[in-house]
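Here is what TrEMBL records for this protein:
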{"type": "REGION", "residues": "1-26", "note": "region 'Disordered'"}
{"type": "DOMAIN", "residues": "313-406", "note": "domain 'Transglutaminase-like'"}
{"type": "ACT_SITE", "residues": "C321", "note": "active site"}
{"type": "ACT_SITE", "residues": "H380", "note": "active site"}
{"type": "ACT_SITE", "residues": "D403", "note": "active site"}
{"type": "BINDING", "residues": "N443, D445, E492, E497", "note": "Ca(2+) binding site"}
Amino acid sequence: MSETTSSNEENKLPLNGRRAIPPNYSNDEENEVPEMEAFGLIPRGFNPRDYLRVVDIYMFKDPHEINKQEHHTDKYYNPKLIVRRGQAFQIQIYFNRPYKPETDQFWLEFLMGRYPQQNKGTYIPIVVGNVLKPGQWGAKIIHRENNSIQLSIMSSSTCIIGKFRLYVAVLTPFGILRTRRNSATDTYILFNPWCQLDAVYLDDEKEREEYVLNDVGVVFHGNVEDIKSRSWSYGQFEENILDACLFLMDKAELELSGRGNPIKICRVASAVINSRDDDGVIAGSWNNMYDNGVAPSAWTGSVDILLEYYSSKQPVRYGQCWVFAGVFNTFLRCLGIPARLITNYSSAHDNNANLRLDFFLDEEGKVDTRLTKDSVWNYHCWNEAWMTRPDLPVGFGGWQVVDGTPQETSDGMYRCGPASVQAIKHGHVCFQFDAPFVYAEVNSDIFYTRMEKNGTQVIENIDTSRVGQLIVTKEVGGDGMKDITEEYKFREGSDEERLALETAVMYGVKKQSVQDTTYQPQTDIDMDFQAQKAVLGNDFKVTITFRNKSRNSYTATTYLSGNIVFYTGVTKREFKKHSFSAKLEPSSSSSFDVVIKSSEYMSDLLEQASFHFFVTARINETGKILAVQKAVMLEIPTLRIKTKGELVAGKEASVIVEFTNSLKQTLENVTLRLEGPGVLRTIKKQFGRIPMNSTLTWEVKFFPMRPGLRKLIASLNSDALRHVYGELNVQIQKP
């Protein structure tokens, strides 16, 4: 194929001695393709009109037509042809006269990028044959009528993902005649979980409908004792989202030839989803200050974020883990990679992957926040993507952990995965990518260590069961929760669990064995901590219970420390200190209540209304320390959503969002957001203030776009109160 480059483009693209062609990163850039590619001198009498000529190409690209129906792409809000690889699709070509197979010769050309090359998979010539081979490029005529022919075209099951340009080339004695550049025939090719030869093949239809085609999901948050959930609009089929997702691969500078490989795509996407080190999609912020941006809790879905990034090319502010995971899920499902959003409750963020989180106590047994650097996140969200792993031994394909939240660098960039869930469960953390980090997130132990004056450390308590005690995702076909902890770890204390740990240690995960330390816990007394259901703005009580199983009498000097924390477990400030002496009678239980007043916590409360309580008790007779920590979430008021009248696609309808301020204070700077994929684009409205005990009502008129069961999602954000959500399932009728 001939190339013509003008001199200013040559200045832009310095060629080096290593490669003949500059890197090919952009799906958007094009080369000029000649309409007449002459073989030599063209004789004077030559008239292209004397030869077979293409008059029109019909792509069967409407949502109700055969291609989008058979390829499960009819939901994409995109006028062009979208097909999945490794599966046949049809086009019709109209010529200026009937096609004569004996003498006429034509072929198809699919091109991608600025420098199409056949060996890179970016220039694909397809000659018409008699038979289609599964999973290989080919074309055959399935119908001829007058001047037209209908073709069935098979794409390769390993072909690169993205937008191809289509040309039809006709051979004449003097050169090749090509159709003119026509963007209406551009063809998007995506991954195909329905095709057995595709690396992302998933064999269960209900799972494909959930993990590829469902455009709404559920994020589980809160903490393990008080699980909360909210809906998230993935919106992978909305207008311009497919182009925005392809742009992310350009931004990550993933060579076009690597874009057929889901492992590579996940790895570069986990870096480009966050803005650290590559100006990626979302800037993270965990400090409760969200000037010049949107608070992470205010987003209701991925669409606004991706479209803003696609148009501004600047990181969108701000995100936290569920926002990174929500946008990553949209990206994966949009390209056809089955994906789901995961929540790990009590997730260890351990800076040196030694499977040990250290909480330091001072001499009296109180937690020393100055020395304690590790933290347990109430929850952390990541994603799983489904694919084969030909780069690993057999058995490690299937779900892979990918994480777009910037936590630690991997090969010099903030990214994580893909790491095989199977490898994490069995402790085979030697297999790429980042398995030791994920293993630590779900398997670390918490050490309570007392620092003595002379600098020696005494381990007072070890909690082996708190971290990673519950790992969940949304169930298939419903909004409920599915417990997948057993996919990541064997049962606590089982032989298999011990073997998996020994394997992980053998492969380099650092673990200090308890035998190396002089650790002798107090075993004849149990201490438990419970909090009453607490509503934001109200007082509540917490209860500390001791069970003395021995025949001795003991006294316990007990410290309770209440901290307002970020959901990452990092303390903002200690708001409650309380100490008391407890008498523990032999063979009996005793409980002690502590009242937490709203006036103690309201002024400093953070957006997820989350507290962290440490309770330490020193048994005076033995000098031993008991320790327990617990996260407590407050109940936050919710939004109510209702619709008026009948909902019919294309007809005006009305939705009402209501909120009652039950707090003992006025809410300032209130913003409401409302969206629903396939129903309405995000609408925002600002309200100055909502006085205490008053109700805000917001009515929105809209035209539902598509019939079917849909979801409306709303959020409220204000200076003093965030993480307020409401949702409603709506059935939209056909007109």
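Using the three backbone atoms N, Cα and C, a Cβ is placed for every residue, glycine included.
Here the features listed in TrEMBL are placed on the structure.
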residue	record	contacts (Cβ under 8 Å, 6+ apart)
C321	active site	W377, Y379, H380, C381, W382, T405
D403	active site	S270, F324, A325, W382, N383, R415, C416, G417, V438
N443	Ca(2+) binding site	A348, L355, V467, G468, K489, L501, A504
D445	Ca(2+) binding site	L355, R356, L357, I462, D463, T464, V467
E492	Ca(2+) binding site	T464, S465
E497	Ca(2+) binding site	K489, F490, R491
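Counted with DSSP, the domain 'Transglutaminase-like' (313-406) comes out as 15 helix, 40 strand, 39 coil. Cβ atoms within 8 Å of the centroid of the Cβ atoms of N443, D445, E492, E497 (the Ca(2+) site) belong to the same-chain residues T464, S465, V467, G468, K489, G493, L501, site residues excluded.
Around the Cβ of H380 (active site), the number of neighbouring Cβ atoms within 10 Å comes to 28.
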